[in-house]
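Notes to accompany the following structure.
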Amino acid sequence: MAQLEGYYFSAALSCTFLVSCLLFSAFSRALREPYMDEIFHLPQAQRYCEGRFSLSQWDPMITTLPGLYLVSVGVVKPASWLLGWSEHVICSIGVLRFVNLLFSVGNFYLLYLLFRKVQPRNKASSSIQRILSTLTLAVFPTLYFFNFLYYTEAGSVFFTLFAYLMCLYGNHRTSALLGFCGFMFRQTNIIWAAFCAGHLIAQKCSEAWKIELQKKKEERLAPTKGPLSELRRVLQFLLVYAMSLKNLRMLFLLTWPYVLLLLAFFAFVVVNGGIVVGDRSSHEACLHFPQLFYFFSFTAFFSFPHLLSLTKVKTFLSLVWKRRVQFSVVTLVSILLVWKFTYVHKYLLADNRHYTFYVWKRVFQRHEVVKYLLVPAYIFAGWAIADSLKAKSIFWNLMFFVCLVASTVPQKLLEFRYFILPYIIYRLNIPLPPISRLVCELGCYTVVNFVTFYIFLNKTFQWPNSQDIQRFMW
């Protein structure tokens, strides 16, 4: 059975890579020059490729650290020595873009290993389910598209998933080192390095919580009723747990590689004067709480085979009626957050090359009241996401929610790329869905990818004040 699964995996990976190579060829023919953010990334990588590493050679418009460029040089330079290619060829746009295609192969393999590790292997979860889940996430539209451009997404996901895998296998020093590599691609990836530490802490808290529950059971204390009472008990338990020096010492000994990484990050922020390098004018942090609601909607859209069903809607409505006071409070708080904390970035309104421009224009700008009318849908999506993660411990859920808030809420710009990593972490940790739902999900992703690539490659346009060809993209 294991050998057969290996054949299935090899076939899925080979077919995906073949299709990706064909798409890469189409991209290379259509895009001879750097496009969008590539106008910053590609020249910087080419300077590194030529051995010009001094700070005077750094483009101040770049806001991320040089992880992508350093890895690219580490890949293409040995290739030039082995193949005898000239520097002009090895540092070309096509070769540098191909580095991300290599990252996509690594991501496919890491996703498969993560599904094998995260999901319990039993008769109920077949090899087909694991491989279909891997294939589906590997072609997740928002991530898959950027495998063909010289962006940081593919490498960022690779090192973050690798760090998560090493964490699950208990190799925490390697995990922290890989977390640092992820940070070098995108500074906010430090949150997902902290997530690995949080995973360890959640495990230990769960063990202690089980002992606590067993004591309560033996003392025959009345069980708590309702989620708020349960949450209050959990928070009280965490407070008591954190007050114990013995527990803190044990947690530090477990998580010290991540603690060192976080201390290095804080030192970087102090020395740099902020998390962003280069141009900070367009990357101002703020409390943009509706980003959580946008993530819930994004997740509900891309995971609709698992989150949307008539049964789920009926269950949700029944729960709303049963706990109408609590849901009324949640609704009022959500409306308040939408009212007071909605921010509209200048790029969202000005750049009509991104899909988010049209989502905002045709949904949110249709009428002032629309953003409030969507609140019930946000609440349903949030509940459906939480319900799909109920197999995980409450401590894991708390830790994931904290990391989700930290990675999305400070972002002023509505950008689907910011949702890639939290979505993948979420999708990895829900129970393996039935094959029929996975096939439906894969089919929908394939359609979305086809439409996205077709529009990007064929439906070009020009701005009135520019002769450059513009394209629609995520």
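One-based numbering along the chain as shown.
Any Cβ shown, glycine's included, is placed from N, Cα and C.
Annotation source Swiss-Prot lists topological domain 'Cytoplasmic' at 1-6 (among others), citing sequence analysis. Mean per-residue pLDDT, taken over the topological domain 'Cytoplasmic' (1-6), amounts to 75.
Taken from Swiss-Prot, the feature topological domain 'Extracellular' covers 28-64 (among others).
Swiss-Prot lists 86-97 (among others) with the feature topological domain 'Cytoplasmic'. The list of residues near the topological domain 'Cytoplasmic' (86-97) in space but at least 6 beyond its ends in sequence, with Cβ under 8 angstroms from a Cβ of it, reads 24, 27-28, 31-34, 38, 42, 45-46, 49-50, 72, 76-77, 79-80, 148-150.
The topological domain 'Extracellular' feature in Swiss-Prot is assigned to 119-126 (among others); the stated evidence is sequence analysis.
Per Swiss-Prot, topological domain 'Extracellular' is recorded for 172-175 (among others). Within its own chain, the topological domain 'Extracellular' (172-175) has Cβ neighbours under 8 Å at 163-164, 166, 193, 196, 200, 254-255, 257-258, counting only residues six or more beyond its boundaries.
According to Swiss-Prot, the topological domain 'Cytoplasmic' annotation covers 197-256 (among others).
Cβ atoms under 8 Å from those of the topological domain 'Extracellular' (278-283) belong to residues 58-63, 345-347, 412-413 of the same chain, restricted to positions at least 6 beyond its ends. Summarising the annotation, Swiss-Prot assigns topological domain 'Extracellular' to 278-283 (among others) and lists sequence analysis as the type of evidence.
When the topological domain 'Cytoplasmic' (305-317) is classified with DSSP, helix, strand and coil residues number 11 helix, 0 strand, 2 coil. Positions annotated as topological domain 'Cytoplasmic' by Swiss-Prot: 305-317 (among others).
Per Swiss-Prot, the feature topological domain 'Extracellular' maps to 339-365 (among others); the stated evidence is sequence analysis. For the topological domain 'Extracellular' (339-365), the list of distant contacts is 36, 282, 286-290, 371-372, 412-416, 470-474: same-chain residues at least six beyond its ends, Cβ to Cβ under 8 Å.
The residues of the topological domain 'Cytoplasmic' (387-392), classed with DSSP into helix (H, G, I), strand (E, B) and coil, number 2 helix, 0 strand, 4 coil. Taken from Swiss-Prot, the feature topological domain 'Cytoplasmic' covers 387-392 (among others).
The topological domain 'Extracellular' annotation in Swiss-Prot covers 414-436 (among others), and the record cites sequence analysis as its basis. Outside the topological domain 'Extracellular' (414-436) by six or more residues, the chain places 111, 114-115, 118-119, 125-126, 128-130, 132-133, 137, 140, 142-143, 146, 153, 156-157, 160-161, 164, 188-189, 192, 195, 291, 294-295, 298-299, 302-303, 305-306, 345, 348, 354-356, 359-360, 385, 388-389, 391-392, 396, 400, 403-404, 407-408, 474 with a CB less than 8 A from a CB of the stretch.
The annotation topological domain 'Cytoplasmic' is assigned in Swiss-Prot to 458-473 (among others) on the grounds of sequence analysis.
Swiss-Prot lists 7-27 (among others) with the feature transmembrane segment. Long-range contacts of the transmembrane segment (7-27) within the same chain: residues 97-98, 101, 104-105, 108-109, 112, 127-128, 131, 134-135, 138-139, 147-149, 453, 457, each at least 6 residues beyond the stretch ends and with a Cβ under 8 Å from a Cβ of the stretch.
The transmembrane segment annotation in Swiss-Prot covers 65-85 (among others).
Summarising the annotation, Swiss-Prot assigns transmembrane segment to 98-118 (among others) and lists sequence analysis as the type of evidence.
Sequence-distant neighbours of the transmembrane segment (127-147) (same chain, 6+ residues past either end, Cβ-Cβ under 8 Å): 1, 4-5, 8-9, 12, 16, 20, 100-101, 103-104, 107-108, 111-112, 115-116, 119, 153-154, 157, 302, 416-417, 419-420, 423-424, 427-428, 432-435, 438-439, 441-442, 445-446, 448-449, 452-453, 456, 473-474. The feature transmembrane segment is assigned by Swiss-Prot to 127-147 (among others), with sequence analysis given as support.
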Three-state composition of the topological domain 'Extracellular' (339-365), taking helix and strand from DSSP: 18 helix, 1 strand, 8 coil
Long-range Cβ neighbours of the transmembrane segment (437-457) (under 8 Å; 6 or more residues past either end): 23, 26-27, 30, 129, 132-133, 135-136, 139-141, 144-145, 302-306, 471-474
Chain residues in Cβ proximity to the transmembrane segment (65-85) (below 8 Å; excluding those fewer than six residues from its ends, i.e. six or more beyond): 41, 44-45, 48-49, 91, 95-96, 99, 102, 150, 152, 155, 159, 181-185, 187, 277
Remote residues contacting the transmembrane segment (393-413) - C-beta distance under 8 A, at least 6 residues beyond either end: 188, 191-192, 194-195, 198-199, 201-202, 205-206, 209, 230-231, 234, 238, 282-289, 291-292, 294-295, 343, 345, 347-348, 386, 419, 421-422, 425-426, 429
Chain residues in Cβ proximity to the topological domain 'Cytoplasmic' (305-317) (below 8 Å; excluding those fewer than six residues from its ends, i.e. six or more beyond): 299, 380-381, 383-385, 387-388, 430, 433, 437-438, 440-441, 444
